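Features of the protein shown, as given by TrEMBL:
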TRANSMEM  A:12-36  transmembrane segment
TRANSMEM  A:166-188  transmembrane segment
TRANSMEM  A:209-241  transmembrane segment
TRANSMEM  A:372-393  transmembrane segment
TRANSMEM  A:414-437  transmembrane segment
TRANSMEM  A:449-470  transmembrane segment
TRANSMEM  A:482-505  transmembrane segment
TRANSMEM  A:511-536  transmembrane segment
Amino acid sequence: MFANFRQAMAWLHTWFGLVLGFVLMAAFFFGALSVFDREIDRWTVPTTRIAPQPMPSFEQVLRPAFERMHPTPEAIDAMRSRVDGAMPQRFDTVVNWSAYTTHRDPVLELYAGYEVPNAKDPEEAIWAYDTIDPRNGKALPDDQLKIGSGFFYPMHYSLTLDWKNLGIWIVGFSALMMLAALVSGVIMHRKLLREFFTFRPGKARLRSVLDLHNLTGVVALPFHFFFAFTGLVIFASTYYFPVGQTQLHGLHELHEQVEAQETGLPHDRAGVPAGLASVDAMVAEAQRRWAADGKAGDVGFLMLQHVGDANGYVSVYRAGTDRIALVGDGIHFKASTGELIRVDPPATPTGRVSEFLTGLHLQHFRHWLLRWFYMLGGLAGAVCIATGFVFFVEKRKRQHAQRGSQGARIVDALAVTTVTGMVLATLGILVANRLLPENLPARGDWERYVFWCTWALALLHAGWRSAPVAQGLANPAWREQCWAIATLALAAVALNGISTGDYLWRTIATGYWPVAGIDLFLLCSAAVACLTARALKRRASAAQSRIAGMEMARV
Amino acid sequence: MSNTLVVPYPSTARLRVVSRIAAAVLGGYVFAWGTVAAVTSLLSAADMEFHDAEFLGAMAGLLAYLAAFLGTVATRRLALAWLVLLGAGALMTAIGSFVQSLLT
């Protein structure tokens, strides 16, 4: 089919890059936004605009909050089909309580799992979730959509298509094709080093688009390769190759038994009620031990297993803010006495590689400059894919126009939707977040609808305005959607100030960067969109007058 | 290069493209699954901790998938690619189960 290997790679790069580029664009763009997911949460849930807090006292804050929790009626309904006989309405046996925070979280997320007496799978628990203010334990409205960590972040890895994990599979396959596109791209262009330094903005249109595609692809090549690969590794054993849960389930079980014996952490309840010693004292002891190892002592994750049972234990994990590797350094205590059961041993060499790779992708560490580089790397990936679309269209549209083919026109309309349309949808949900009434029932669902509707409108608009592409001209939708981006971005900043009083000058004056940073980023986006729209306008007028000139000459 | 493929080609050529993509995607997956199963089980047999073995198995599987995918797209002998991917995939999967039966 192909004369040589390079031709095969070019074919692969072109066609798989085109089809899966639409997915990759979303993965890169929402991945870049997820770098600041907690900050976006602050912008979108104004009641939580406070400084990050450490893990609070268990006895004073967490325990009363945990004891208040109970599965929602929706969770109970959802569980109904996985139970033999009647569904219990109360759940009193706590499998575990846990609390999770990071150095960027002013709010604390609580999770509680309860035993379901007649569940078909006796291991399955029913879950309750809560978000509290760690300063006083007051419950915060948990039904408000945390748009950063609860919507943009899942968009990044699953497109929020939860049915049968379809989204995770689509994104995973696209990540594999990203790797294939990078390898094939390198094989197609052997003059890698030269392309690193080549950008000819003034040259012919096609050449400068291709330069930018190569530049953003090559400059960030290690970044792109690394993120696509580690993203796959993070999900591989759970979703893509669940070998340990299926074919090699026996080996996995064997390991669990050995591990339970080695660690001394009971797998099951004893069935004997028991009290709870001071958890704060256990946390203090864990911090003393970390400090003795020269490690920062913030608690990231606290878990009580088999609550109220003689087999109960408390696990304290460190927040890995001081190193790249995603480490827990877990320390475990007997719940009833506070006696130390186990200190997790240092990871094996393989374990350290795994912790490093996942840590580098998920970035729990505290390093703001690196955090910005992640964001820029993600946006460079988005630019690389966007210029790939533009190159595909520019290369073909005149040919297609002569043949009367609609191919370039369709691809171009889809590219408009994926590039500017996606930004519009993102701005749409932010604007909706500030416009919808505060106590609207199912407010989060409405916000999501606005997101998808804005995106659908962008698609309709791009299709409706696409006719010039079939004549070898540019689609004016690019330009018009740039203006829409500028308008919505400015509107979002203004609405944030009007609805919360947190005007940009105030947030800057008080140094509240989570909100000030997002407002500034929105203003920059508006400026870039304006400049782009004006440049496109100039180019379109030049093309118009050239055609007019040609027609004049013919007359 | 890719321009030649924009021209509509006859149905047998189109069928070959579909077969090639199917071999790369599905055959590649079978091959990758086999790699994961074989590497995970063999490393476990060599006394490595299970989750470490699982992690290295997954890494090997992903790289195997990538290599198989690129190779299958480029190969001149598509039938051979199908044979190798499915055959080696099945063989390595069987090795995984066999090693597990020895250990458990």
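Positions of Cβ are set from backbone N, Cα and C atoms, glycine also.
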Of A:166-188, A:414-437, A:449-470, A:482-505, A:511-536, whichever stretch has the most CB pairs under 8 A to the transmembrane segment (A:209-241): A:166-188
Contact yes or no, the transmembrane segment (A:482-505) and the transmembrane segment (A:372-393), 3+ Cβ pairs under 8 Å, gap 6+: no
Beyond the flanks of the transmembrane segment (A:12-36) by at least 6 residues, Cβ under 8 Å: 148-149, 152-153, 155-157, 159, 170-171, 173-175, 177-178, 180-181, 184-185, 188, 227, 231, 363, 371, 374-375, 377-379, 381-382, 385-386, 388-389, 392, 411, 414, 418-419, 422-423, 426, 517-518
In contact by Cβ distance (the transmembrane segment (A:414-437), the transmembrane segment (A:372-393); 3 or more pairs under 8 Å): yes
Intrachain residues whose Cβ lies under 8 Å of the transmembrane segment (A:414-437), provided they are six or more past its termini: 21-22, 25-26, 29, 33, 43-44, 145, 147, 151-152, 382, 386, 389-390, 393, 443, 446-448, 450-455, 458-459, 462, 466, 475, 477-478, 481-482, 484-485, 488-489, 491-492, 495-496, 499, 522, 525
Intrachain neighbours beyond the transmembrane segment (A:166-188), with Cβ under 8 angstroms and 6 or more residues off its ends: 5-6, 9-10, 12-13, 16-17, 20, 23-24, 27, 156-160, 217, 221, 224-225, 228-229, 231-232, 235, 239-240
